[in-house]
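What follows is a short report on a single structure.
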Amino acid sequence: MKILERIKKSTVCIYTGLFLILISLFLALFFIKNKTLIWDYDGINQHFSILYNYNEVIRNFISNPSDGLPQWSWSIGYGSDLLGTYAYYVLGDLFDYISLLFPLDKLEIVYSLLIVIRLYVVGLAFILYSKKMKFSKNATILGSISYAFSGFIMMSAIKHPYFINPLIILPLAFVCIENVLKNRKKYLFSIIVAIAIISNFYFFYMIAIISVLYALLRYFEVNKTQKIKFGKYFIDLVIYFLIGVLIAGIVLLPTLYSIFTSSRISGDSAKPSMLLYSLQYYFNLVYSSISSGSYPMWSILTLPILTFMLLPIFLRNRKKYSTYFYMLIIFFVMLFFPIVGLAMNGLSSISNRWTLIFAFMSSVIICIGFDNIKKVSKKDILWMFSMLAFWGIFAFIKIGMPDISYNIFPSIFLGALIIGVILYNFKLDDFNDEKNNKKFFIVILVLLSVNIAFNNYYRYSEYGNNYIGEFVDRNKAFDYYKDAFDGAEQNIKNMDNSFYRIAKTDNVSRGTTRNNSLVLNYNGIDSFLSINNGYLAEFSRVLNNRSFTPNSPIINFDNRIIVSDIMGVKYYIGKKREDSNLGPYVKKVENVGDYAIYKNENALPFGYVYKNILNVNEFDKLNGLEKEQSLVYAASVSTDDAKSNVNTIPNKIKNITFDIGNSTAKVLENKIIVTKPNQKVILNISDKTIPEGSLYVNISGLKFDPVSQKEVINNKAKKINTTKIDREIYKIKNSILTGVDKGDGYKLTASYKDVKKSFNQPDSLDASMYFTMDATLINLGYYKEQANKGQKITLTFNKAGEYTFDSMNIFSLPIEEYNSEFNDLKDNSMKLDSVSNNKVTGTIDSKVNGVITFQIPYTKGWTLKIDGKETKTFPVNKAFLGANLDKGNHSIELTYKTPFLRIGMFCSFVGIILLIVISILNKKKFNKKIEE
């Protein structure tokens, strides 16, 4: 009986029971709709596929430990470092290792289970912090439930499971700071720093900034009563922080190398100089503070209404809880300025993922407000009513604007009930009665739970935001990959066991085939990751690959023939019923289901030697198509690595003449004026014959100045045949409802015969997708020489505005005229003996002196030995691993070791030893004090 009583009174047990009820209600919605917790975008394409692939890696290592852990994987994009790529996702996520306890074919279920476990631990972490700060049991229960089901988690972290982890680490980091402040168990601070770094460096960066603020504010608060020496406190924090960094070195150093050589750093990022966000952003903040809807710039709030009802009590006690008060003020102000979103996102783009701190602040406000509820005043209650009235105004605005996606009425209603309960107890003076306090707590807990349950229901149900429609159906995760090519990739592997790359044709939907190589285990060229090789990404960008994005730098490289050949694409998978226009050397092998397999007879071997060497500065002067042409003629390298022997590239590109006519858009010299969306520019080909080759349209220096949202709204308002008041109301409503992006993103579609391809320029405020290119180059397919029978290329611009450009051309790249250059490379190519994840061996009989280039993205991790002698490597053609090679017979050995891994291991060893030594010394010092 005593055990049962203890369980009933246990904070953790009560929290567990409540958690199970709320999570069951949440999961029931998914069960009814036959859904998993795998998001249909990044969830299935990144998180699930990466977890699957990493499971295979670890399971293979457990089965064959003598083989060691692979450090390189050929199936990640065009080949990638495992640690550097996966550190962002699974490598440091301890929860993902639980999946190893289950059969791999149950991963779909396990994926969802791991999300639930993470959510549960989030609440436990807050309980630990709450107990440390001596909040009451009831307050702790309210705070932990609010924290575990916070808006940030239920909106973003369900979609991105590892986004949950920082909410576990944050309160634990604060607990460890409290230990340092009170000179107890300081070693824990080093451990939590190491865990935070290993878990995810991106979120560690945010947590570190937030923790510094917390540590400073806590010092000034505690120092008022306990007189703590700032110097000692500061030195302790720095020392234990640095030890934690050292301990994490084994993951940190390779991760930093991957980050600083990634596409996120090497490419352009959105760094606008605006001082404030648009009006719509602030309007959204008001609604999203208590309701689910849209979250521009990742400013995710959706706090329980209880937080705001207890806020007046919290503010009245701000002197006692000054740390939280100043944190709230600082973070609230930070929400308003774009520069903060830029700084907190590592200066890469504007993204307010740091708003996860509001989940913590909300729960702390609930704890403090509840613990001080006995002191509630009439003024507090008046402020509560005022806040409800404030949201009431916005609720009525929504009535007049049904397009607003938020529903704040239920939260307002629950807020009114909370005030009613507080007012009832206040009038009866029941806060001092233990029995009534218990009833009051239960009522508040029920109202909080209802608020959480409703927000989740509205967010995911078809009667609200319908986010559940974005999740993968049950028992379909593996089918998503297995059905992607109807088994065509397996047929290729069955017919050819050599080393090669497989690409997709542009008529294959990329949306359902991203990262397929991770699950289907083939060597591709495409990837969809947050960390990609920056050299390869820059190569793609400067060659004006229309498919380029920072998280998918290659995709199919627009099926450009020369690029695909030099990258070693031996097979293509395309749609069976569509002509893929892949060139004269690509032949269909067989049909498999709805797909066709094509074999490229012109794919270059794994390694080949260029006799011509071009200074990379000269390469940079070429346009995108000229750069592609140069790939078969010369190796472009820095003069520090190899001496150039050619200054120019023979130009075989044909310039096709055209005139512009019958266009719906207006073309004035170097300007295109589009007055309505989807207006067209028609390029009528003038030449009597169109030569053999790949047909390209090239627009250099294309820039877009959009019609302002205000102008669009004003023009629409003028067409309303009602009163002036109605027109003004229309303007106000639509000004509020427009998006918060800058509006300078656009899509340009080029059409020729049956081919239609698009270039998408992301909005400059798109946090993860923005980039710039100096030209828009679109491959419209390969064609034999043909008579011109009124052929035309149609350009469609999806947005109204003014498009300016430097030049517009139609080019033909005569593929068959490069045969001699291709043959030269093939005649001086490497014969592979063996290829494994960490090692490649082979031989070469080169007839020329030159630069050997390998079909490996450049990284410092590869060591090259030629005839047993280590040889310096360098980037070739911006992207590929290469080295100088004398003519003659040579043995080639390439070995991969993760950059900075060994230095990182040494740092970790030193950090662990330092922590042990310092902890022992502190223990002895503590014992000595006790004895004295």
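Cβ from N, Cα, C; glycine included.
The shown structure was predicted, so the numbers you read here are calculated from the model rather than taken from an experiment.
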Annotated range (TrEMBL: transmembrane segment) out of 87-104, 141-158: 141-158
Long-range Cβ neighbours of the transmembrane segment (12-32) (under 8 Å; 6 or more residues past either end): 116, 119-120, 123-124, 127, 141, 144-145, 148-149, 154, 445, 449, 452-453, 456-457, 460-461, 468, 471
Close approaches to the transmembrane segment (237-260) from elsewhere in its chain (Cβ under 8 angstroms; 6 or more beyond its ends): 81, 83-85, 87-88, 91-92, 177, 180, 186-187, 189-194, 196-198, 201, 215, 531, 860, 898-901, 903-908, 910-912, 914-915, 918
Per Cβ pairs under 8 Å, the stretch of 109-129, 141-158, 272-290, 296-315, 324-344 packing most closely against the transmembrane segment (350-370): 296-315
Listed stretch, out of 272-290, 296-315, 324-344, 900-921, that has the most CB pairs under 8 angstroms to the transmembrane segment (407-428): 296-315
The transmembrane segment (188-217) and the transmembrane segment (324-344) contact flag, 3+ Cβ pairs under 8 angstroms: yes
Most Cβ pairs under 8 Å with the transmembrane segment (324-344), selected from 109-129, 141-158, 272-290, 900-921: 272-290
